[in-house]
Each structure stands twice: as C-alpha cells, then as structure tokens.
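Okay, structure first, notes after.
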Amino acid sequence: MANSALLEDGILDAGLEDAEAKRELARLFDRNFIDLATEADAIRRELHPNDIVTYIVDRNINYTNVCWVACSFCAFYRTKRQEQKGDGYTLSIEQVLQKIQETVDLGGTGILMQGGLHPDIGMEYTTDLIRAIRREFPQVHVHALSPAEIWHLVDKSGLSLEEVLRELKAAGLMSIPGGGAEILTDETRRRISPAKNSTQAWMEVMETWHSLGMKSTATMMFGIDESYEERIEHLLNVRKLQARTGGFTAFIDWVFQPDNTTYLKKHPDFKKASSLDYLKTTAIARIVLDNIPNIQASWVTQPMKTASIALHAGCNDMGSIMIEENVVKEAGAEYHTTEAELRSIIERSGFRPAKRSTLYDRSFEPGISPEDF
Ligand code: SF4
C-alpha cells in the first residue's frame with residue numbers, strides 16, 4: 001500500500017506472526033469512520049480509477065437445506081429427521097434446471113449454488129448436477145460449493161481433496177464461493193460451529209482450488225461476539241493466502257443475522273452489529289486486503305443507504321440482484337432490490353453502473369470498454 005496515513009510500512013505483512021502488529025491493526029477499529037473511509041476510498045480509486053461500480057444478475061440456488069453440521073448461527077438448515085417429516089427439501093436435477101431456466105429468462109448470467117451438508121449427498125449427485133447444468137446452459141457461470149461442502153464430498157467419497165476438486169472441475173464447476181468462512185480463527189469456529197471445518201481446512205480448499213488455476217471469492221460473517229483482533233486475523237489469513245495464489249476475485253463481508261438461530265436462543269441479550277460497525281469493518285477490509293481487486297457492499301444485510309455509503313468506503317461492487325435468496329432471509333435479513341433500482345442507487349451515489357460476470361468481466365455492459373477498468 002502506498003503512503004498509508006493509518007498504518008506503518010510492512011505492518012500488514014508482519015501482522016499474522018507478530019502479536020503486537022496484530023494488536024496495532026485491531027486498533028484501526030478505534031479510528032473514526034471518516035479516516036478509515038478516506039484511506040479505503042483511496043485504495044479503491046487506485047484499483048478502480050474510473051468510478052465504475054459493478055453488479056451481477058444471478059440466482060442463489062440452495063439445492064438442499066438438510067445439514068448435519070448444526071451451526072449455532074444458521075437459521076437455514078433442517079435435520080434429516082425433519083426432512084423425513086416433510087420439513088426440509090432436496091432439489092432434483094430437473095428442479096435445479098427449471099430454476100436456471102427462470103434465471104436465464106430474467107437476464108441472469110450465473111448461479112451461486114450452495115447447500116447444506118446432506119448425509120446422503122455425495123459426488124454422484126453433485127457431479128451429475130453440475131454436468132447437467134453445463135450441458136443444458138453452457139452460457140451460465142456455475143459458481144458453487146463452499147469449502148465445507150467440498151470437505152463433505154471428500155468424507156463421503158474417500159478421495160483426496162485434490163481428487164475431489166479435479167473431478168468437480170472436470171464436471172464443469174467454474175469457481176467456488178468463499179462461504180462458510182465466518183471468522184477464520186479456530187477459537188470462534190469452535191464456539192459457533194464446532195462440527196464445521198477448521199480455519200486451516202477452509203484455507204486448504206482455497207489454496208488447492210487456486211493451484212488448479214481456478215478462482216474463488218473470500219467472505220467474512222462477523223458480529224458474533226468475536227474480538228476485533230479476530231476480525232484482523234481473519235483478514236490477514238485471507239491476505240496471506242492471496243499473496244501466495246492470487247486466486248481470490250473478491251471479498252464479501254456481512255453482519256451475522258441472529259433471528260431464528262440457536263445462537264440467539266442461547267444469548268437472548270445479543271445485539272446485532274450496527275451499520276457503523278459494518279462500514280468500519282468493510283473499510284478496514286479494503287485497507288488490509290489491498291491485494292484483492294474487488295470488495296462487495298452488502299445490501300442484503302444492510303439498508304441500501306448503508307451500502308451506498310460503503311461505495312465511498314472502499315467497495316466497488318454491489319454484488320448480486322439475487323433472484324432468489326434463502327439463507328439470510330431465514331435469519332431475518334429483509335432487503336430486496338431490482339436491477340433498475342440498483343443501477344439508480346449506484347448512479348445517485350456518484351458512480352457508473354456496469355453489469356458484470358461472476359469473474360468480474362464487465363463485457364456485459366454496453367458502452368464500457370476494457371480500458372474503462
Ligand atoms: S451454515 Fe452451512 S454447514 Fe452450518 S448448519 Fe447451516 S447449512 Fe449447515
């Protein structure tokens with residue numbers, strides 16, 4: 001980072017191994033929002049000098065909500081027993097194809113497909129599904145399967161992680177989402193989702209996938225009683241991996257939505273992170289992750305005006321129109337938009353809207369040339 005007003009030279013690269021550097025970085029959260037936003041915005045301008053804010057039209061398809069992991073923060077999953085009683089679902093390949101047809105009819109260019117870790121779903125269903133999608137909709141980008149789902153396939157198949165990823169790639173998987181990162185410190189992971197994969201396991205999936213020449217995103221769900229130092233550790237873990245592989249296209253952070261979760265039942269006085277906390281955390285993410293090209297504003301878990309402010313605090317992307325979203329909706333997130341509204345909000349925030357692909361190719365936007373980026 002050139003001439004940072006807030007950070008000493010070299011502190012970001014020292015941060016993970018040096019406890020004092022990490023504490024120093026955590027003190028960024030004590031700075032006022034304007035200082036953080038100013039620095040984050042300068043980095044955004046350096047990376048995206050033409051004031052273009054991108055977005056995608058795609059659909060979030062959750063192929064099953066049945067999951068054995070039972071994360072305390074998740075309002076989406078159902079047990080296999082609940083599924084047997086009719087409260088839970090697994091989509092057939094035909095049902096998924098139908099949803100993609102609807103997506104294409106609405107102008108969607110990709111799907112984000114994730115699901116629970118269903119005890120009965122393994123490689124056969126998954127590769128058959130991906131192959132069928134690629135065969136029927138070769139123009140649709142398939143962005144699917146977070147690291148926890150991939151480890152589930154490793155466990156079910158007896159194959160190595162690399163073998164599973166190679167098979168998924170051969171079936172037609174094009175990129176993977178960074179979901180399930182939550183907070184990448186084992187202390188928080190043990191506290192909120194003890195049965196889920198470790199920090200190292202999340203990183204290993206990403207590193208192996210990137211080593212196959214493939215791309216993914218990175219995420220962070222925060223505001224679940226973790227410390228600021230843990231948020232910094234999460235960001236530094238992602239930064240360090242990106243320095244090795246260059247495989248992350250974007251970083252997306254959002255605030256934990258507590259409604260209908262066992263976490264809220266166990267912590268009835270829990271208070272959701274504020275919009276200011278979201279904005280400061282996102283600006284800090286832009287500052288720490290200056291080696292990741294794109295940062296998304298989370299309008300799904302924040303009021304649109306907060307997302308609009310985030311565009312002046314480091315974000316250069318408004319994420320997805322998301323024709324369907326089930327996971328955070330179950331946990332109380334309630335914001336929706338249309339493509340026309342999103343474009344208008346981007347313009348009113350002082351930027352040029354551009355429709356993009358899953359891998360941030362802007363050729364979907366008429367009148368925008370590659371030099372504009
Ligand atoms: S967050 Fe994912 S892994 Fe955890 S219970 Fe929900 S569906 Fe399962």
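Glycine is no exception: its Cβ is also placed from the backbone N, Cα and C atoms.
Annotated in TrEMBL:
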type: BINDING; residues: Cys67, Cys71, Cys74; note: [4Fe-4S] cluster binding site
type: BINDING; residues: Phe73, Glu182; note: S-adenosyl-L-methionine binding site
type: BINDING; residues: Ser146, Ser298, Ser320; note: (3R)-3-methyl-D-ornithine binding site
type: DOMAIN; residues: 53-293; note: domain 'Radical SAM core'
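Features recorded in TrEMBL, as mapped to the structure shown.
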residue : record                                 : Cβ neighbours (10 Å)
Cys67   : [4Fe-4S] cluster binding site          : 24
Cys71   : [4Fe-4S] cluster binding site          : 22
Phe73   : S-adenosyl-L-methionine binding site   : 19
Cys74   : [4Fe-4S] cluster binding site          : 22
Ser146  : (3R)-3-methyl-D-ornithine binding site : 25
Glu182  : S-adenosyl-L-methionine binding site   : 24
Ser298  : (3R)-3-methyl-D-ornithine binding site : 22
Ser320  : (3R)-3-methyl-D-ornithine binding site : 24
For Cys71 ([4Fe-4S] cluster binding site), the one of Ser146, Glu182, Ser298, Ser320 that lies nearest, given that the binding-site residues are compared by Cα: Glu182
Over the domain 'Radical SAM core' (53-293), what is the model's mean pLDDT? 96
What DSSP gives for Ser320 ((3R)-3-methyl-D-ornithine binding site), in three states, is strand
Near ligand 1, which of the binding-site residues Cys71, Cys74, Ser146, Glu182, Ser298 have CB less than 6 Å from any of its atoms? Cys71, Cys74
Can you give me the Cα-Cα distance between Cys67 ([4Fe-4S] cluster binding site) and Ser146 ((3R)-3-methyl-D-ornithine binding site) in Å, rounded to a whole number? 14
What is the interatomic distance between the Cα atoms of Phe73 (S-adenosyl-L-methionine binding site) and Ser320 ((3R)-3-methyl-D-ornithine binding site), given in whole Å? 23
Return the maximum Cα to Cα distance in Å (whole number) over the record's (3R)-3-methyl-D-ornithine-binding residues: Ser146, Ser298, Ser320. 19
